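One structure is given here, and the rest of the page talks about it.
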Amino acid sequence: AHENTGLQSQPPPEEQNYGATAAHVRQSPFVSVSRKGPAKRDYLIAAVLCYANLINFMDWFMVPGILLDIQKYFELSDGDTGLLQTVFILCYMLAAPIFGYLGDRYNRKIILEAGIFFWSGVTLGSSFISELYYWIFFLSRGLVGIGTASYSTIAPTIIADLFEEGKRTTMLSIFYIFIPVGSGLGYVLAAGMADVTGDWHWAFRITPCMGGLALVLLILLVPHETQRRTAAHRALSITGTIRVAAEKPGVYRTAKTTWCQDVISLAKNWSFVWSSLGLSAMAFVTGALGMWVPLFLYRAQVVQGIVSPCFQESCNSSNSLIFGGITIGTGILGVIAGAEAARRLRKINNKADPLICATSMFISALCLYIALMVAQTNILSTFIFIAFGELFLSVNWAVVTDILLYVVTPRRQSTAIALQILVSHLLGDAGSPYLIGIISNAIQAKNSHSFQWSFWSMQYSFIVCAFVGVFGGGFFLLTSFYIEEDRKEAER
């Protein structure tokens, strides 16, 4: 899941250049906003936004890092535990389009500051909830999801406004690398604080302090509103002169189409449809892995006799620490490797992007299946195969974004991005943690209560992820049949 927020980096519709008018727009007297190069201040603002993005994703993955402690403290079943992340993702997913709408129309700096203040405050408050009020803890995770949505939707657009085209791609890539880094650090911080203090509540008291620092830096360093691009394009759009060429030469129509027309057009774009379903499969797998892997490894170690069952309040968090490290490393490596592989292979094959995605999904599914099968006998092998599974999943994040941007015509890209985010979370990581927990519950309910069955129930329910991964690979293969045609159509 973690990543797909990257798709929101497109400027809003009124800021985009449409088709043939792009060249004229660049030469317009209104658009003399470019400078010799980005100022030091711009890099400083980008650094502050990257830092806040790090905290954003640390907050996402604090709960999985100390899942065992939380499960025991509130006495939750596997199903209820899975619901924690589902509540978070659902609130995030539903709030993102609202903040996207507000960010296009109101002061983005104020929305960012309010979002960071809100989610940091709620995170701090959630560390004082007693075991009797587990429903307030669930509510607090939903509210944190709403807060982080405000940041994920708006911060990339500020970076996109600060830098010209060549630099913009580089700066956005750096911004998105903080997604796997933040996710992994979330595990490490939560597990580390629980170990050091002997109380998992302290994990939720560190990121609010970091958030406070981010808020101060935002207030001091980020100007009241960055409107370099928006002002230029708004001046043009007032006259209504932006038009796009229709399919027939010489015929023009305005760029304005209704939202319903855009959605219908996208539904007929098979490359967009199949790649979005492939992305949903990726989100399903990453959501389930992110939530349950440390707990699954703990149960495997108990069955093997490597660790003794944990009955006190603070449990051994070494699995979360190792898994956090793996997530950071494979995330960075995967994103870079995927972008590089696509760059090289596109020169040879026009269908390279969907084929890379399909291949990496199949390999990832196989690695995860092997990891599950060897867990009862060899923990080291399990870690190795989980690492490869995560690496091949991470290869796809940047490549899927590229596919969307060249198979969808520019005037529909914002709608396409919003739809893809909604669909991939709805069919993916919004439900997968809960589904795995529910299946595990159902298997445990039919068998004797033992450590062996608590491990098997999780192992059997996790196999769903391997099958979904295979389906994801299939969806990307289907994308490859339509991609050349849809690309030409979008260019036309």
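Residue positions begin at 1 at the first shown residue.
Cβ coordinates are placed from backbone N, Cα and C, and glycine is handled just like the others.
According to TrEMBL, the features are:
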TRANSMEM  43-63  transmembrane segment
DOMAIN    45-484  domain 'Major facilitator superfamily (MFS) profile'
TRANSMEM  83-103  transmembrane segment
TRANSMEM  110-129  transmembrane segment
TRANSMEM  135-159  transmembrane segment
TRANSMEM  171-190  transmembrane segment
TRANSMEM  202-222  transmembrane segment
TRANSMEM  272-293  transmembrane segment
TRANSMEM  321-342  transmembrane segment
TRANSMEM  354-374  transmembrane segment
TRANSMEM  380-405  transmembrane segment
TRANSMEM  417-440  transmembrane segment
TRANSMEM  460-483  transmembrane segment
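Away from its own ends, the transmembrane segment (135-159) comes close to residues 5-6, 8-9, 11-12, 45-46, 49, 52-53, 56, 59-60, 63, 70, 74, 83-85, 87-93, 95-96, 98-100, 103, 108, 111-112, 114-116, 118-120, 122-123, 125-126, 129, 168, 171-172, 175, 222, 226 of its chain (Cβ-Cβ under 8 Å, at least six residues beyond either end). Summarising model confidence by region, the domain 'Major facilitator superfamily (MFS) profile' (45-484) averages a pLDDT of 83.
If you look at the transmembrane segment (417-440) against the transmembrane segment (43-63), you find fewer than three C-beta pairs under 8 angstroms, all six or more positions apart, and that falls short of contact.
Only sequence-distant pairs (6 or more apart) were considered; of these, at least three Cβ pairs between the transmembrane segment (380-405) and the transmembrane segment (272-293) are under 8 A, so the stretches are in contact. Taking every recorded stretch in 43-63, 272-293, 460-483 and counting its Cβ pairs under 8 Å to the transmembrane segment (202-222), the highest total belongs to 43-63. For the transmembrane segment (460-483), the residues of the chain that approach it from at least six positions outside its boundaries are 270-271, 274-275, 277-278, 280-282, 284-285, 288-289, 292, 296, 350-351, 353-355, 357-359, 361-362, 364-366, 368-369, 372, 403, 407, 432, 435-437, 439-440, 443, judged by C-beta separation under 8 angstroms.
Using a Cβ-Cβ cut-off under 8 Å and counting only residues 6 or more beyond its ends in the same chain, the transmembrane segment (43-63) has close neighbours at 2, 70, 84-85, 88, 112, 116, 119, 123, 141, 144, 148, 151-152, 155, 158-159, 162-163, 171, 174-175, 178-179, 181-187, 189-190, 203-204, 207, 210-211, 214, 217-218, 221-223, 226, 290, 324, 327.
Within the same chain, residues 52, 55-56, 59, 62, 99, 102-103, 136-137, 140-141, 143-144, 146-151, 154-155, 158, 201-205, 207-208, 211-212, 214-215, 218-219, 222 sit at least 6 positions outside the transmembrane segment (110-129) and bring their C-beta atoms closer than 8 Å to a C-beta of that stretch.
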